[in-house]
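S.K.: Just passing along the structure, written as structure tokens.
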Amino acid sequence: MSSESSKKRKPKVIRSDGTPTEGKRNRSDTEQEGKYYSEEAEVDLRDPGRDYELYKYTCQELQRLMAEIQDLKSKGSKDVAIEIEERRIQSCVHFMTLKKLNRLAHIRLKKGRDQTHEAKQKVDAYHLQLQNLLYEVMHLQKEITKCLEFKSKHEEIDLVSLEEFYSEAPPSISKAEITMGDPHQQTLARLDWELEQRKRLAEKYRECLSNKEKILKEIEVKRDYLSSLQPRLNSIMQASLPVQEYLFMPFDQAHKQYETARHLPPPLYVLFVQATAYGQACDKTLSVAIEGSVDEAKALFKPPEDSQDDESDSDAEEEQTTKRRRPTLGVQLDDKRKEMLKRHPLSVLLDLKCKDNSVLHLTFYYLMNLNIMTVKAKVTTAVELITPISAGDLLSPDSVLSCLYPGDHGKKTPNPANQYQFDKVGILTLRDYVLELGHPYLWVQKLGGLHFPKEQPQQTVMPDHSQSASHMETTMKLLKTRVQSRLALHKQFASLEHGIVPVTSDCQDLFPAKVVSRLVKWVIITHEDYMELHFTKDIVEAGLAGDTNLYYLALIERGTAKLQAAVVLNPGYSSIPPVFRLCLNWKGEKTNSNDDNIRAMESEVNVCYKELCGPRPSHQLLTNQLQRLCVLLDVYLETESHDDSFEGPKEFPQEKMCLRLFRGPSRMKPFKYNHPQGFFSHR
């Protein structure tokens, strides 16, 4: 049966190639087109849910029919051909149903996409309109802000109050019936009144100028008359000199000071005479005065008989008191120490005025039993300074004059004979008493004319005027320089603590225009903290980290790179430059021991510091060194080779112009800045 049916079907396939079928195909195409358009309309009428149920049912029927055909064919009987044909026809019908459902699904999908696209276009149009409206709103807000911020010239004029305006201005200007209800007209009227008043004042000013010229002419005439009297007065004063000497009538304050100076101890007297002479000859801003009790000073030089009588009386009193109670050994030692450290009741005060109206007050004392001089210092400024945290020790009386001359820290006595005196009363060192007594600097002894030979210690040394005169000018200049440098550091530290490196206009040429690295931290640290830093060991071992120095820690950042700088500030700044030690935390920890470029950066600020001194007296050296460190960190990071294994842009793009990025086997970077060309090169 199957072979017969196949033979019957073959002619159908052959006939399909003829021309008559082409006409049929054309007609069927037109009918198909009609059906296609009818199916598009039919999509809107059909329920997708029912189509889905029909699809499931059709698939189940196809599965059932295929299973039945499979069962019938497996039986192999000859009577099942008709049943198979019927099921095949039913299957074809179901396939046509599936095709139709597929077409309907595609039509629905196309319509859904079209609707989605139309909705998206509407949303985009609305979004564009919204953005346009937002831009318009922003523009209007900016214009409104500009209008609100606009200030007219008349707003800068201080007009009289409304009460004064209506009470003093004439009705022709005030126009109260109009200006009371109109602020604009009121302002115009007040401006007219201001103009009228200024015209009147200008007229008065011209009258006052004319009167002033007349008065000046009268003053000039009287001055000429008085100047003609000056020679007569001078002759009268010259004639009265014998009378003044006869009556002992001092008219000058200097004469009184000279009288008081007679009671000064020899070292303070030498200081007073030499300082007064220096002030009169070289420095008019230096003022010299004497403080203290003259009566107590006179009591020290009583005649011996009186003193012996007093001593006998006091001995008798002491004998009576000793019978009552016996002082302990500790009390006796304390009394002996106080007596040994006793100061002379008179002291010499020097006020050294600097250019910025700051004054250095120096009070000189004389320890009578130790035969040494001490000094206490205090700095006052014309304007009260806001003391930064890191500038706490700059102007302190204990350290402001430390190491004015190298090694002269003023913590021990300059007189070798004092040590034997200290042993008798149990004083280990004078360091414990300097805050109360003052600092016995070596230059203080020289200003008093004292010189203590170390080879032959002497308890009593006579002062020498020539020694005081030879050191006076140099010491005064050093004192002024010290105060000015400390005040300059005081102001600079206030900026450094806020992350600002102040660079003056005179020093702008030392650095490129753009510096990306920035200072984020500037703090003071102790001597012990500095010695504990691992990257400062070579400074400590070299003996450059003394306890008289000041120590600071700076942190400079750019991106992920952090550069620590430990700074040693010598008391003799700026004649002695600061010393920097660096530690870079970026891709590991880098110091001068493991990175030659870090050593080169330290050399740039420590060795080549003269390029950064700026104009004399080089008070900008420290801030210029810090700014140079920021520039060096930029060069270090920008010239670092980029790892190609990491995608994306470089963290530090090269912005500095360098003639050559590396040199030598150690690949040294170009750290030298060349002005005005603006490029970096190797040294």
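Each residue's number is its place along the chain shown, starting with 1.
Backbone N, Cα and C define each Cβ position, glycine as well.
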S.K.: Which one of SER314, SER593 shows up in Swiss-Prot with the note phosphoserine?
M.R.: SER314
S.K.: Kindly point out the range from 7-10, 355-358, 455-458, 639-642 that Swiss-Prot annotates with motif 'Nuclear localization signal'.
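M.R.: When 7-10, 355-358, 455-458, 639-642 are checked in Swiss-Prot, motif 'Nuclear localization signal' belongs to 7-10.
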S.K.: In Swiss-Prot, which of these is labelled phosphoserine: SER28, SER312?
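M.R.: Candidates were SER28, SER312; Swiss-Prot attaches phosphoserine to SER312.
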S.K.: By the record in Swiss-Prot, which of THR179, THR328, THR623 is the one labelled phosphothreonine?
M.R.: THR328
S.K.: May I ask you to name which of TYR166, TYR225, TYR573 Swiss-Prot has annotated as phosphotyrosine?
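M.R.: Among TYR166, TYR225, TYR573, the one Swiss-Prot marks as phosphotyrosine is TYR225.
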S.K.: Run through the Cβ atoms and count how many others sit within 10 Å of the one on TYR225 (phosphotyrosine).
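M.R.: Other Cβ atoms found within 10 Å: 9.
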S.K.: How many whole Å apart are the CA atoms of TYR225 (phosphotyrosine) and LYS153 (SUMO2 cross-link)?
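M.R.: Approximately 52 Å lies between the Cα of TYR225 (phosphotyrosine) and that of LYS153 (SUMO2 cross-link).
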S.K.: Specify the secondary structure state of TYR225 (phosphotyrosine) as given by DSSP, simplified to three classes.
M.R.: helix
S.K.: When a 10 Å sphere is centred on the Cβ of LYS153 (SUMO2 cross-link), how many other Cβ atoms does it contain?
M.R.: 6
